[in-house]
Every structure is written in C-alpha cells, then in structure tokens.
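The feature ATP binding site is assigned by Swiss-Prot to Gly618, Pro619, Asn620, Met621, Gly622, Gly623, Lys624, Ser625, with sequence analysis given as support.
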Amino acid sequence: MNPIDTDDLEKHTPMMRQYLTMKAEHHDMLLFYRMGDFYELFYDDAKRASELLGISLTARGKSGGDPIPMAGIPYHAVEGYLAKLVQIGQSVAICEQIGDPATSKGPVERKVVRIVTPGTLTDEALLQERQDNLLAAVYQGKVGFGYATLDVSSGRFVIAELETKESLEAELQRTNPVEILYSEDFGAMELLHHFKGKRRRPEWEFDYDTSIKLLLAQFGTKDLHGFGITDARLSLQAAGCLMQYVKDTQRTALPHINAITRFNQTDTIVLDAATRRNLELTQNLSGGRDNTLAAVLDNTATAMGSRMLQRWIHQPLRDHAQIFARQTAVNELLETTAHESLHEQLKALGDIERIMARLALRTARPRDFARLRQALNLLPKLQQSLAQLSAPHTVKLGQLLGEFPEEQQLLERAIVDNPPMLIRDGGVIREGYNAELDEWRGLSEGATDYLVQLEAREKERTGIATLKVGYNRVHGYYIEVSRLQSQQVPLNYQRRQTLKNMERYITPELKEYEEKVLSSQGKALALEKQLWDELFDLILPKLHELQAFARAAAELDVLSNFAERAETLGYTCPELSSEIGVKIEAGRHPVVERVSQTPFIANPVTLYNQRRMLIVTGPNMGGKSTYMRQVALITLMAHIGCFVPADRAIIGPIDRIFTRIGASDDLASGRSTFMVEMTETANILHNATAQSLVLMDEIGRGTSTYDGLSLAWSAAEYLAQQVGAMTLFATHYFELTQLPELMAGVYNVHLDAIEHEDTIAFMHAVQEGAASKSYGLQVAALAGVPARVIKAAKHKLHQLESRDHQVEGVNVNGTRAPIQTLLALPEPVENPAVSKLKAINPDNLTPKQALDLLYELKRLS
C-alpha cells in the first residue's frame, strides 16, 4: 500500500488516518511517529528504516484490510538512529504527541515538531564538531550558475556567482555540502552525482522576486545594498530557495541568520577541484582526514577554530595586507609565548558558535547554557591576556570579544552548576533564583521526611514491624505489608496493588498528601519550564554580539595554533614580495615530513621572470611528485598567514594554483584516465596566467609515445612561451630536457639516485640539470616484479641497445635521442580522393559529370 494515498482514509482506523494524513504532508522523508515510548514507522518507511538501520520489521495488525509493516525505535535512543540516517543523506520528520492521552477522545493529538535533514542539523550529538555542516542550493541560469551555502549551526550565509561548470565544481569541492538543493531544470547533474543529500526542488522556489522578499524579511532590511549583493541575481535565487527550505524544516524564527556575504574568487587564490583533491588539503584521496594538510596544521583548542582553519586552507588570500596582519599577530604570539596561555584559555571556551545557533533556534539544552556561562566567566581573563599584546589584528580581535557581565551574572544566578541533559527532567534552575519555584520544590522535596515519619507512625499504630511506605511512578504512594500480615491492617487501609507476597494500600491521609505533592511537582516543572523559556528572551538580545565573540575567539584560536605549529614543527615566516616569483630555501613537504620514518630531505626551488619553468626529471619513487606538491603547499600556507616548512621563503603574487598530478578513471562520467588527464590539462592551458603556479606531472601517459611526447612538448612550450606561468613540469620523456636549449626561461632540475649492482638508492635531493636515466627496471624489481620477468626484460634491453634501436622514437636505454628525429615527423599527405572531393563544386556539375566523378573517386580511394 502507498502510505501517501489519502483517498480511502475511511477504510483505516482513526490512528492510522492520523498517520497517513501526516505522512502525505511529508512524503519525501521518513516519518518518526511517536507512540508512547517508541517512534514507530509504517509501510514503506518501516521497510526502508529496517534496511538502513538494521532494526526488526514486524506487522501491526491490519488497517484497511491489509497487514501494516511496522518498525520501532525507543525514544531515548532516537539521536543515535538519527545520526546514522543523516550520515547517509536521509531526512526525518519527528512527530510528537502534544495532547494528553488521559483526556483525549480518539487518537492523541500529534504534530510534526521537528524536521531533521543532513544540512539543517544543530544538535550537538548529530554534528561532526570539527567540520562545517553546509546546506547548499544551486541554480542554473542561461549563462552561469548561482550558488548559496548556509551553515544553520552557525548562521554563516554565503553566495557566489559562477560563470562555468568548472568554477561550480571547484566551489562544490571547496564547500563540500552535506545536502544540496537544485532546480528541476538543473543541467549539470554530473557534478552532483557523488553527493548523498540531493534534493530536487520545484522551479518556482527559485523565483527571483520571492527570494528577495524572503531575504529582506529575514534580515529586517528595506533592500540588500548594504550587503553588496544586488547584482548577484542567480545566487540570490539560490539563496531564496535555501532560505525557504530552512524555514520549512526548522519551523521557528532564525535570528542567528542575520547577514549574507558574497564570495569573490578575485579575493582568493583560485584552486580548482582537481587541485584541492590532488593536494589533499582537508580530505585525502580515500575520503578521510589522515595525512592531509589540515591534519598537520590543526592543533586548535576549539572546534570552531578547527572549522575556521579548514575554511582558511580552502580560501588562501591574495591581499598581502591581510596576510601580513595575520603574520604579525602570529609572530607576536610566538615571540611572547602568549600562544601557550591562550591555547589553554581557549580550550575551556567550548563551541560557542554552535551554542549560539541553538540558543537562536531555542533548541539549546541546559548544558549549553552552562557552557556559555563558563565561556563568559573566562572572558575577563582572556581579555587580560590580550591586553599584553600590541599587534593591530590581535587588538582588533580583543575588541570584538566584547563584554557580557549582565549575561554572565544572569546565568550564574539561574543555572545550577551541573545541570541535567534536558529541561523536562527539572533541576535546572538554581535555588534562590525564583521564590515561587523554591516554594513548590520545598513541598515536593519535603516528601521524603514526611514518608519516614508516616512509616514510623503507622508501624507503631498497627504493630506491623515490616510495614514500609514507598512510591513508584505507576501507582504513586503506597503502604506495603506482607500478605501474611495483611489481616492486621486498619479499616482505613484501601488496597491499591496486590503482589505475589505483598499487599499495597493507601489511606485517605496518604492520598491527600500524594495529590498535594504531585501537584507541587507538576507546578514546579511547569514554572521551571517557563523560567527556562524566559532565559532565552533575556540572552537573545545580545545574540549578534555573542556571535561576534565566537568568531573572534575562533580566529584567535587559529592564529595561536599557527604560532604553536611554527614552534613545534620548525616553521619560518614567509616573506611576501610584489615581484612575481617563488623562492624557497630548504623547503619540506609539511605532511610527508610528519609521517616519514626517515629524515626528510629539504629541497630548494627558484622561479622568477627569467626562470619560469623547471623540467623535473628523475626515477619513479625519486620524489618528483612530493617535491612539486611541497612547493604548492608552502605557497598556499604562506597565503593563509601560516608559517612554512622552509629555512626561507619569498613568495610573489599568485592568482591560481593548478595541479595535474595523478589520475584515475572517472567511471561516473564515463571518462578514461587519459581523458581525465587531458581535461585537467586543457583547464590549465585555458586559465593559467603569468601569476599562476602550475604543477604538471607525467603529461602524455596513456597513449602512444609519439602522441604523449608531442602533447607533453606542446603543453610545456605553450606554458613557457604563451602563458609564462611559474611551472614545475615533471616528465619521463627525456627529450623534454632539451627545451632549455630552445626556449628562454626553461631550466632542468632532477632528483638523483645511486645504482649499486642490482639495487638503487633514491637520494631525494633536487639538483640542477637533467637526469641521466630512469632506472625503470630497478624500480620494477623493488615493486616485486618476479625476478624471472626482470631478467627477461634486461635481456631484451641489451638486445635493443645493441641494435641502437628506438621504440616509437624513444631510446630504450633512457638516453636522449636527437630532438629533430623525434619531433620532425613528416607532414601527413592528403588522400588524392579527398583532394579531388574538395575541388568539386556540386552546383556546376551535370548528372553525367557527377556520375563520372563518382567512378573517379572510387578509383582514387
């Protein structure tokens, strides 16, 4: 049966009619339907939940004549199951009982109070604390794309206007949203195939006028001029759809979403999707975080600092003034050792950024208030530490931290030291905060003394020494005696419950007291909930200032972390230059040096106007790719304000970093390894400029040697002579080492190896000049190729060398053949039939002439 078919509701029980009506309103997600202590799922939802969560699939009688598939989840364990579902891209509607079962006629009143989707999470238990949790929307116009992202757990709202598919792909790679909304007419689905949380939305949700109205209402402004985004039409349409989706799922006000910013690629170094992937910035090639740049650089004290660091890594700055401000702050923290005390103080702050989002959404829990109180208690000490520092950027951040004495005192008076998890449990509001609450609690808490006194009195009155007075939630207060002694109870004892060996009674006095106590408990809980709600109203007027406090603290954390990393890992402050070039002395790969079991060999690189391209040669496993990547990573680190793993680094203006390193088949798009490689190469050749840093590794593999060599030669020539980009060009085509003889600005460098009998030792040191050979057979032996195969290969090699034979134009001994021989290929001769066909003017031919020409073309072919 289809649970969203509401045409035949009368066939079903009242409870199932209620369920089916709600399911019809939330047909595109799982519906968790609260029944007592369980959330139940029915029909297809039950089958899907059973499959996804590994829970039992049962049946709940019949409704409408058919068995009802059913699966259930205990309410107290729901967060764990929700976490599993959102991790695989599922959305869930939470339907709660809001009516009183005791007074309800028919099904208890229920309501969907919460919709959980991967991109709208704010619950601490469901979020990954050190990763942004982004909801995105994309809209395709006639020319270009609009892209918007929102982190509901922090309120960060960003849009971008993107001209090409490639730039959209790069943004998707950079932001890595957990849920993405797209229009019905979106025409680039191949870019979204690997995202789990995809949501197709109707075209009208992207309407421009509706989007503007939504955003103006959200920000409480008359126009959007103050945000500098009025010309970003496509991305505003995406932002409008995104805003409506969040309103629909959160079902509450969203005061923490109070601004929107525009991401301009011109402000940052452009990193395309391939570059972000190849450099393993925040995610390794296997999809994890181990052995990434972020893993090495991240020793932040707070989760919000960790998230900011990852955003910085993906957005290296181009403005030298902003970079210098960060460097100055880091340098002062390092020289004064202030980073040590700051790290400890910041560690105690907690994740204020996400706590403020939960406060804004009124989903905060008691322990969120306790953590906020702790952070505000620490603020004066943090301010005192910053007062000793003079770097302008640090001073500015200190001012943004703000002061909140009233809020701190309020939370100190209102919240107990160690509050319970949930407000419904009570015991959150501190004694003395509210006199009426204290009075109701006093009645309830005095019950213990009363019951002790009652038990002693009744034992004496009845003479039953084993008599006990107790309480449970089902039957309330009771007087318990053994069955053997039940004949001795007074006449005013009324039987309440019979057990195997016991009888439980209640007296009019105890009944009256029970009603009084339970009434006081209920009133205490109700009043405590009211006071709890009022706390939100008292704190939220300072929401914007508290959000600024969180952002400033996160940035201080990142800068302090940079100082610690520089001290611990031996990094130096890079110098920024206005002249184009990259000069690194004794540079090291930041990740490889941390995981290597042997000392890392530091290497230099020098690129400037008269030395723009380095042809990098050397054996496989010699370290060419590591060398190239370290140049890119050091350059990137310099542009986020971080110190770098080098003795000295001088970095000039950089607009883009490109990498063409490694490749594999793109099965989803039906592209071979060679096609992927050529696509990435084409992107570089089209978009690189004289201020770009380009890494090209092994261009031309996957095709014939003539084709590969020709492509590699032409690409290198184009980059050197037409583009003028700063380029590291690694190759096994030794013929390319003759390029320096033919083109200005091109130089050879190589990574050497030492051969001893049948073994090879890689030196990993970069030296000027070209490599002498490739050591292919030795590397094959190290890789475990059978000795028999290696022996046969050596025999074949000697045969070929003795004949001075070339295989497809490349000397098999690895030495360079004359470039004229290799590239001076004969011009292709046109087929005579094609020449004849090109010369024909069909408009001037008679039928007889046309027939004769057909015979002539047949003969020529």
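A Cβ is built for glycine as well, from the same backbone N, Cα and C atoms used for every other residue.
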Gly622 (ATP binding site): tally of other CB atoms within 10 A of its CB: 26
Other same-chain residues whose Cβ falls within 8 Å of the Cβ centroid of Gly618, Pro619, Asn620, Met621, Gly622, Gly623, Lys624, Ser625, the recorded ATP site, in sequence order: Leu751, Phe762
For the binding-site residues Gly618, Pro619, Gly623, the one whose C-beta sees the most other C-beta atoms within 10 angstroms: Gly618
Other CB atoms within 10 A, centred on Lys624 (ATP binding site): 26
CB contacts for Asn620 (ATP binding site) [other CB atoms within 10 A, all chains]: 19
